[in-house]
Each structure stands twice: as structure tokens, then as C-alpha cells.
Amino acid sequence: MPSLSSLIHALSIVGALGSSATESSKQFSQEFRDNYSILKHYGGNGPYSERRSDGISRDPPASCAVDQVIMIKRHGERYPSPALGAGIESSLSKLDPKLTYKGDLSFYNDWSYYVPNKCLYNAETSSGPYAGLLDGYSHGTEYRDRYGHLWDGDAIVPMWSSGYGRVIETARKFGEGFFGYNYSTNAALNIISESETMGANSLTPVCYADKDTATCDGLTNTMPQFKVAAERLNTQNPGLKLNETDIYYLMSMASFELNARSHSEWINVFTQDEWVSFGYVEDLNYYYCAGPGDKSMSAVGSVYANASLTLLNEGPQKSGPLFFNFAHDTNITPILAALGLLTPEEDLPLDRIPFGNPYSTGDIVPQGGHFTIERLSCDKTAVSKAGSYVRLVLNEAVVPFNKCTSGPGYSCPLDEYSTIVKGILPDYVGQCKVPHKDPKSLSFWWNFNSTSELNYRKGPIPCQEAEADR
């Protein structure tokens, strides 16, 4: 007679096999568990990931075709800025390489900092599977597949980049991906200065009269969980004296490491709870410094939103079908604020994490993040009339426009979109007190060069380009 332990062992095997068979027969897994991914909890620091969608198909509805595209893309993955790099180096200096580290830092003695030359600070990365230059090129090829029908293969197509090194290089790589062999002859890169004197004729407008910066200026970049992390690492390694500020810099370093390498041991140094806290610290920075938490940002974003509305109403026959633009993360967040997208009902609290927060920057402006406006030409259906519709796409996920979702694929009728946008956009010139001598509207989409003179860089890339730290 078999023993009780033998029966239990046999039943456990049968149970495991049954469970395995059941799982393998399912078309869709039922497991969501903690819904956690590091890619969503390092703010705008680390590699691109698509936005978590509402389940709306990314492809155009069956009754529609895209006839115009207006995109603004953040530069690809990069190294830390010089300012952040200085903080990282200061925190790393507390880890004596002569000591042997234990616990979560046991890898440290075989690890080396991924920025061997300070000239790399601010530069786009060119190594690893998440490289910034690769991001730009891959995105171009993907959009050629999606929107290639809008280019006849002969026309010269302008593109626009703000005048910052890594942004320009992203635009060039995107162009190479989209146009392929024709990039040198059929793309015309236009570089728009980032000078404040450009006023509204800019991809990087500023608000001269921004008086809503107090909360941004007071952010500390710390959360209680950072103290827990510091205590844990210090306890594992007697003599180590990390503090919560060091934890912020080390977590920042970890997220940027993935931009240059395929793997970061530093990611695993910190717990899921600590990464959730770090992600919220980054949410606060974007919300209060470059998003709806600063009331001037909607005015800044209205420049692009208003000009794109003009393009949509003029249509591809008059204005053209393709508008590819390249700038920074802090130039995209004001546009979303101006359109009222993803704005929380209440300001983000500084003392706790409001779980369910729609303003999650890992979904909004990862490195290489982009905001795309599609103009759809649709046939009549049982519930919608024939005509033009607008669809908003953030990081390849369709974002319903406020309460206007009556069109095919939850799009918004162009006339209704126009009425709503005109009603919510603030007056940039008046609210931001644009100087009399500076441009009062965006005009470069209608006045552009058609040469390939700027398609390639002439000369070496300078060390740490001394422009705005974005």
C-alpha cells in the first residue's frame, strides 16, 4: 500500500500537469497580478515604451483612411545631463571601490559607470538595444509602414527640428528610416532655433510671464521610501552612508543606464515600492514644472495646438499630408495640457501617491515619446456621417479626446474638435506677454526650405552642447 507521502507527491504532480495543461489551452492568460513594469516607473528618464491603451485599435477604423499626420517627437534615449551627472557622481563617490559590497550591492565591484567620458553627458546614446539613434531610425521605418501612402515617392517632404543637437540627430535618423534611400534627396530638414526671441514661431516656446513656478521650485525629489532604501543598503554594508538624496540620484542613474546598455543591475537594487515612489517623484516634476500644474503651460502648448488646428482644417490638399516635428519632453507636455488631455481633476498631492493618477509620465514622455494627430477621411456608417475626423495618439495608443468620441474608432468629428479646441485654448501672446518684436504665431509649417542642406551634420558633435538642459 503506498504511503501517504507518496500519494501527496503523486497528486501534486497530477495537479501541476493539470494546471499546466489548463494554462496552455487558454488563448488569453488571465494573469495581471501587480501590473508592474519598470518601464513605467522611471518617468521620462529611460527607454521608450508604448502607452498603456484603453483597448482602442491603433489601426484606422475600417471605414476610414488617414489623410494627414501631425507628429511631435521627443529626442531618442540619451545620457544624463551634466547637472544630473554631477549628482550621480557625487553619490557614487560614497561607494569606495576598494571595499567588497554585500547584499543588493554585491555586483558593484564588477560594475563600471556607463559614462566613461563627460562629453557624453546630454548626448543621444548609440549602443545597446535601447539606443537613442536606433529609436529614431526604427520609429521612422514604422511610420513609413503606417503612413507611407501619404508620400508619392517623388515629393520633397519638409521636417522640422528644434535647434538642439540630440533633437536634430533624432530627426535625421527618423528621416533615414522613413525615406530610406530617398532621405538625401526627398527630405528637407528645417532647424528651428530654440532662442526665446522666436516667440510663437517655435517648437520650444517659453512663457515670459510665468509666475506659477513656486511648487516646481520647492520640489525635493524625495519620498519616504527612499529613506527605507538608504537604510537597507547601509545596513547591508556597514560604513556606507547613503541618504535619501543619494537614492534619488542612484535610481536616476539606473534608469538612464538602460539607455546605453541592455541590462542594469542597479534596477534590482531597489524594490517595486521604491520604483513606484520614484516614478511619482518624476510625475510631480513634469506636472508642476512643465505640465498642467503650472497654469502658464497651457498657454505655451496652445501655440502648437492652435497651429495644428489650422493644418487640420486646411487639409492635406492645401497644407500637405505629413508634418514630422522633433523637440523635447517639456515641449510635448504643454501641448497635452493645452488640449486638456490626461489632466487630473485635482492637482497632484505632494505628500502621498494618488494611485490611479492619469498623469503618469512613464506613459506620457518616455525617451523617444511622441504625440501624433491623425486626420481621418471616413465613409458614412450606421452611426456616423461621411467626413473628416480627428484622432489623437500618444506613444502609439489612441487617447480619446475629452468627451468627443462619436466618430469611427472613437474619433472626434473635425468640426466638433475645432469648436472645442478654439474654446479651451488660452491666448499665448497675451498671457505670456510676448515682446512686441517677437513673432506672434507659428508660421514655419507654411514657410520652409525645401533643400537637403541640413539633412546631415557637417563637422564633429561638440562636447556637452551648452544649450538648455532638457
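Heads up, the Cβ atoms here are built off N, Cα and C, so glycines get one too.
In TrEMBL, annotation is done automatically, which means it is predicted and not curated.
Remember, predicted model here, so these are calculated numbers, not experimental data.
Copied from TrEMBL, the annotated features are:
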type	residues	note
ACT_SITE	His75	active site, nucleophile
ACT_SITE	Asp329	active site, proton donor
DISULFID	Cys64-Cys378	disulfide bond
DISULFID	Cys404-Cys412	disulfide bond
SIGNAL	1-18	signal peptide
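A map of TrEMBL features onto the structure.
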residue: Cys64; record: disulfide bond; DSSP class: strand
residue: His75; record: active site, nucleophile; DSSP class: coil
residue: Asp329; record: active site, proton donor; DSSP class: helix
residue: Cys378; record: disulfide bond; DSSP class: strand
residue: Cys404; record: disulfide bond; DSSP class: strand
residue: Cys412; record: disulfide bond; DSSP class: strand
Under 8 Å by Cβ from His75 (active site, nucleophile), same chain, sequence gap 6 or more: Glu124, Gly132, Gly136, Tyr164, Arg166, Val167, Glu169, Thr170, Phe326, Ala327, His328, Gln367, Gly368
Cys412 (disulfide bond) and Asp329 (active site, proton donor), Cα-Cα, nearest whole angstrom: 26
Packing count at Cys412 (disulfide bond) (other Cβ atoms within 10 Å of its Cβ): 23
Among Cys64, Cys378, Cys404 [disulfide-bonded residues], residue with fewest other Cβ within 10 Å: Cys404
Asp329 (active site, proton donor) CB neighbourhood, other CB atoms within 10 A: 20
Cα-to-Cα gap, Cys378 (disulfide bond) vs Cys412 (disulfide bond), nearest whole Å: 11
Cys412 (disulfide bond) to Cys64 (disulfide bond) - Cα separation in whole Å: 13
Rounded distance in angstrom between the Cα atoms of Cys404 (disulfide bond) and Cys64 (disulfide bond): 17
